[in-house]
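According to TrEMBL, the features are:
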| type | residues | note |
| --- | --- | --- |
| DOMAIN | 26-429 | domain 'Major facilitator superfamily (MFS) profile' |
| TRANSMEM | 26-52 | transmembrane segment |
| TRANSMEM | 64-85 | transmembrane segment |
| TRANSMEM | 97-116 | transmembrane segment |
| TRANSMEM | 163-186 | transmembrane segment |
| TRANSMEM | 198-217 | transmembrane segment |
| TRANSMEM | 245-267 | transmembrane segment |
| TRANSMEM | 282-300 | transmembrane segment |
| TRANSMEM | 312-339 | transmembrane segment |
| TRANSMEM | 345-363 | transmembrane segment |
| TRANSMEM | 375-398 | transmembrane segment |
| TRANSMEM | 404-424 | transmembrane segment |
Amino acid sequence: MNSSSSHAAPFDATTPASLRAEQRRAIGAGMVGYILEWFDFGVYGFLAAIIAKNFFPSTDEFTALLASFAVFGVGFVARPIGSVVLGRIADVRGRHITLATTMILMALSTVAIGVLPTYERIGIWAPVLLVAARLVQGFAAGGEWGTAAAFLVEWGGANRRGFFGAFQQSSIAAGLLLGSLVAAILSSALDSNALASWGWRIPFFLGALLGPVGMYVRRRVQESPSFESDAARASTLSGAQFAKALFHAFSFVIFWAVSSYMVAVYMPTFANKYAHISRTQALWTSTASLFTVMIVAPLMGALSDRVGRKPVLLASCAFFVLLSYPLYAFIVSGIGFATFFWTQWLMNVVFTMYSGAGPAALAEMFPTRVRSTGVAFGGALATILGGFSPFLTTWTIASTGASANAGWLLAGSALFTLPALVVIKDRARDASI
């Protein structure tokens with residue numbers, strides 16, 4: 001049996017030890033970039049109010065927070081460019097080159113944010129440089145998202161694509177978990193003045209340390225089996241077919257992108273500001289919920305390997321269509337900390353049904369030769385809306401005066417995605433991918 005076919009075997013007890021080791025390295029290589037990316041995004045989201053005061057001084061607290069979340073969203077504008085440039089390199093030259101490039105760019109831009117002078121020191125150049133760092137992060141993340149997702153799914157073989165792909169969501173949760181944990185520790189250990197003065201920089205320095213670790217892990221893993229297969233690379237799509245698949249990918253990711261930020265990244269800020277949950281309590285709740293997501297995601301991916309992608313995806317999406325607004329209204333109704341804890345935990349678990357089965361379903365929309373580009377570009381277009389969802393939510397609340405209206409954005413994104421789930425083909429049992 002040749003190398004490519006043996007590498008494509010599923011990860012189970014009958015697989016040779018050398019292949020199991022290679023698949024474990026593949027999971028680590030696919031995860032490490034996501035961990036760095038989402039650690040940084042998570043920290044920025046968790047500390048948004050503090051960053052706003054340092055880079056966007058304003059007598060109006062809402063204006064400063066809106067500006068901070070706008071910069072958070074700016075990084076997502078660069079994602080489509082990164083997805084096309086880096087995704088194409090991954091499809092033509094190999095996943096390795098793109099994964100190494102994105103690791104370097106994300107590490108450099110993360111440490112750049114940590115050393116930036118504040119508005120008080122250099123004036124308007126402070127937010128300008130912050131925007132530049134976020135644009136570099138967004139460019140790198142655009143290539144990372146599709147390439148690493150394709151890489152993980154391709155290493156799953158014929159029977160475990162859902163399980164392997166779900167480690168994408170586990171790594172996202174791990175990055176957010178680390179960000180939430182560091183933010184929670186800093187909020188607990190430092191007073192508000194110390195946190196606003198210098199403490200907010202610490203997470204960005206810590207995030208930069210993941211760069212060398214990621215490079216080491218990614219240097220030790222082989223290309224995915226599908227990419228090494230000439231037969232698989234020969235399969236492609238016509239222009240019309242590719243455009244149709246891109247639209248399906250865009251529609252598929254809209255709910256995924258918005259819910260990622262609404263349920264995880266933005267929730268601590270929302271709970272602190274509108275539900276009167278302390279910042280520390282909100283961050284520790286987010287930390288516990290993200291730990292659950294990290295564990296549950298592979299289980300949901302494995303479930304989709306057994307029952308198909310659609311049942312798992314539809315159940316999650318329908319839940320948020322029906323219950324997003326009631327849940328947000330409940331959160332701001334004056335509930336106590338314990339009730340808020342379990343409410344956010346439930347929302348994260350149901351969201352994980354979608355994000356656990358999602359990577360495999362998305363990768364299965366494209367053949368190997370255009371998979372990184374298709375997954376990355378389709379996803380990047382949708383994540384622009386996801387990245388601006390905290391901004392849109394904050395603006396909506398400020399305009400309407402009703403904090404529960406945050407739920408309508410989440411419900412609307414789920415409603416937009418629902419028809420796409422109905423029409424896409426469930427390819428969980430298609431061994432030819």
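From the backbone N, Cα and C atoms, a Cβ is placed for every residue, glycine too.
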Which residues, given as numbers and ranges, are at least 6 beyond the ends of the transmembrane segment (26-52) yet have a Cβ under 8 Å from it?
64-65, 67-69, 72, 75, 99, 102-103, 106-107, 110, 113, 137, 140-141, 144, 148-149, 151-152, 155, 164, 167-168, 170-180, 182-183, 195-196, 200, 203-204, 207, 210-211, 213-214, 217-218, 220-222, 224, 261, 264-266, 268-269, 273, 283, 286, 390
Does the transmembrane segment (64-85) come close to the transmembrane segment (375-398), meaning at least 3 CB pairs under 8 Å for residues 6 or more apart?
yes
The transmembrane segment (198-217): which same-chain residues, six or more beyond its ends, come within Cβ distance under 8 Å?
25, 28-29, 32-33, 35-36, 39-40, 43, 47, 50-51, 54, 100, 103-104, 106-108, 110-111, 113-115, 179, 182-183, 186, 190
For the transmembrane segment (97-116), could you work out the same-chain residues 6 or more beyond its ends whose Cβ comes under 8 Å from its Cβ atoms?
29, 32-33, 36-37, 40, 44, 55, 82, 86-87, 89-90, 126, 129-130, 133-134, 136-137, 139-141, 143-144, 147-148, 151, 201-205, 207-208, 210-212, 214-215, 218-219, 372
Tally Cβ pairs under 8 Å between the transmembrane segment (282-300) and each listed stretch (64-85, 163-186, 312-339), then give the stretch with the top tally.
163-186
What parts of the chain pack near the transmembrane segment (64-85), using Cβ distances under 8 Å and only residues at least 6 beyond its ends?
41, 44-45, 48-49, 51-53, 55-58, 102, 127, 130-131, 134-143, 145-146, 373, 376-377, 379-381, 383-384, 386-388, 390-391, 394-395, 398
Spatial neighbours of the transmembrane segment (404-424) far in sequence, C-beta under 8 Å, 6+ residues away:
248, 251-259, 262-263, 270, 274, 310, 313-314, 317-318, 320-322, 324-329, 332, 361, 365, 385, 389, 392-393, 396-397
